Amino acid sequence: MAVGLAIASEGGQYNGRLTLLVLVSCMMAATGGIIFGYDLGISEKSNLWRHVLCCNKGGVTSMEPFLKKFFPKVYTKMKEDTKISNYCKFDSQLLTSFTSSLYIAGLISSFLASPLTGAFGRKPSILIGGAAFLAGSALGGAAVNVYMLILGRVLLGVGVGFANQSVPLYISEMALPRHRGAMNIGFQCGVGLGVLSANIINFGTEKIKGGWGWRISLALAALPASILTIGAILLPETPNSLIQNSSNPDKAKTVLQRIRGTTDVQAELDDLIEASSISKTINRPFRKIIQRKYRPQLVMAIAIPFFQQVTGINVITFYAPILFRTIGQGESASLMSAVVTGLVGTTATFISALVVDKLGRKTLFMIGGIQMFVTQITIGVIMAILLVDHGGLSKGYAYLVLALICVYVAGFAWSWGPLGWLVPSEIFPLEIRSAGQSITVAMGFLFTFIIAQSFLAMLCHFKSGIFFFFGGWVMVMTAFVYFLLPETKNVPIEQMEKVWKDHWFWKIIVGEMDDEKKAYTQQGA
């Protein structure tokens, strides 16, 4: 498994090449992104909002039995109330609460995953994530009452929480520094493929007569979950984790030689051993991470997932059918628009993977930020001028909005989409890495829950102003990245502390790290 693409050693870089073992391992792990994306596409669109959209006057789809069975009051209200505002017709907190319940389960489980990931390695957490998602998809597909649906959704949340906490860490630790960006973006590629697959499956199962198509949509989540579960059993543990959880570095050295395709791994092994020695002195990483020396990482662990959610992307990915129904398009056009935006997003994410280790993280953040800001403001202006409470846009303007949304999705998909996962997974030192990633994932779930809970009410009250609201946040986060985020491309993960010491602002806060490290080294000597 040491066959790979040979790459010459660079200054400050470790020896090795992109081996087939690393490539396969990262691809298998990236299916954790597929289960997350698939759930976003299936649960948010197919099982809920698609049914809401079906209930316009004069028509229902073959999937209406789901809504009638589990949410009959909502179905009746949506079918009978035809005089409500375009911006308020989908404001149902009952359905929103149900879809958002996954994020509460994911938030809690991401914190539970931290000690497990730190003490036993990345593989057990990935295995638990795959198995929980597998069980949740089975329950959802076989649900006969709302309690089975809720229990299945909680298990899905547990699966996503464990997978999101461990998979980005696994990929970042397996990849060489010069490939880490491209490899880690494989996780976001998985999310995009999951959403796209869900949209296509939604479109097909809607046509099934008999009202049981939603069961297929839910049950098919078992496919990527099975791949992740089996992969977690077969894949090697990361060298970082092996050294952290063992006093014998020989096993880690053997794995390191296999995944790097060379026997000359001593430089990287020495860095791992040093990082592990420091990490073993830390008993309470969540208490440690609030210390001054880790302040930049803690800020990023909170700010990056927050900004990722207030880009407004969930307005598109969760509620694209609602938006297109709101602007006067039919049900089939709404679903097709979701497929189109899914294709655009997936393609843009692949482009990001190809260029992220060449252009750098900050460049993509800036390009995507400007792109999203301009498109959101433009969409907001069109909606403010042309879309009133009742009626719709003309076909020409509707297609213009679709084109602008595609440009927006592309901007997100090669910036905040993948980089929101990549950057946090590579900035934490080993002693707080598991805790830091748990905070990142938990904050993502928390802010996603808040946005999911509030978006429909915000749409009802802000109307077209919601695009200006999120556009303002895009401007803020772009400035944040420009001034406060150092470039991390090609920096070895166990040497990442130097980017903070060289940064114009963060060096003021972490400048004492050199003295602390010297004192530790002298003490060890």
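From the backbone N, Cα and C atoms, a Cβ is placed for every residue, glycine too.
What TrEMBL lists as domain 'Major facilitator superfamily (MFS) profile' is 25-489.
The feature transmembrane segment is assigned by TrEMBL to 18-38 (among others).
Taken from TrEMBL, the feature transmembrane segment applies to 94-113 (among others).
For the transmembrane segment (125-144), the residues of the chain that approach it from at least six positions outside its boundaries are 29, 32, 35, 39, 70, 109, 113, 116-117, 151-167, 170, 215-216, 218-222, 225-233, 235, judged by C-beta separation under 8 angstroms. Annotation source TrEMBL lists transmembrane segment at 125-144 (among others).
Per TrEMBL, transmembrane segment is recorded for 150-171 (among others).
Listed by sequence, the residues of this chain that lie at least six past the ends of the transmembrane segment (183-204) yet keep a Cβ under 8 A from its Cβ atoms are 22, 26-27, 29-42, 45-46, 50, 167-168, 171-172, 174-175, 213, 216-217, 220, 224, 317, 335-336, 338-339, 342-343, 345-346, 349-350, 352-353, 356, 413, 417-418, 421-422, 425-426. Taken from TrEMBL, the feature transmembrane segment applies to 183-204 (among others).
Here TrEMBL flags 216-235 (among others) as transmembrane segment. Within the chain carrying the transmembrane segment (216-235), a Cβ under 8 angstroms from the stretch's Cβ atoms is held by residues 25, 28-29, 31-32, 34-35, 38-39, 42-43, 46-47, 123-124, 126-127, 129-131, 133-134, 136-138, 140-143, 152, 156, 159, 163, 194, 198, 201-202, 205, 208, all 6 or more beyond its ends.
Summarising the annotation, TrEMBL assigns transmembrane segment to 298-322 (among others).
Positions annotated as transmembrane segment by TrEMBL: 334-356 (among others).
Counting same-chain residues at least six beyond the ends of the transmembrane segment (363-385), those with a Cβ under 8 angstroms from any Cβ of the stretch are 311-312, 327, 352, 355-356, 393, 397, 400-401, 404-405, 407-408, 410-412, 414-416, 419, 463-468, 470-471, 474-475, 477-478, 481-482, 485. Taken from TrEMBL, the feature transmembrane segment covers 363-385 (among others).
Below 8 angstroms of C-beta separation, residues 188, 191-192, 307-308, 311, 313, 316, 320, 323-324, 327-329, 337, 340-341, 344-349, 351-352, 355, 364-365, 367-372, 375-376, 378-379, 382-383, 386, 477 of the same chain, each at least six residues beyond the ends of the transmembrane segment (397-417), sit close to that stretch. The transmembrane segment annotation in TrEMBL covers 397-417 (among others).
TrEMBL lists 438-459 (among others) with the feature transmembrane segment.
Residues annotated as transmembrane segment in TrEMBL: 465-485 (among others).
Long-range neighbours of the transmembrane segment (150-171) within the same chain, counting only residues 6 or more positions beyond its ends whose Cβ lies under 8 Å from a Cβ of the stretch, are 25-26, 29-30, 32-33, 35-36, 39, 43, 98, 101-110, 112-114, 117, 122-123, 125-126, 128-140, 143, 180, 183-184, 186-187, 218, 221, 225, 228, 238, 421-422, 424-425, 433-434, 437-438, 441, 444-445.
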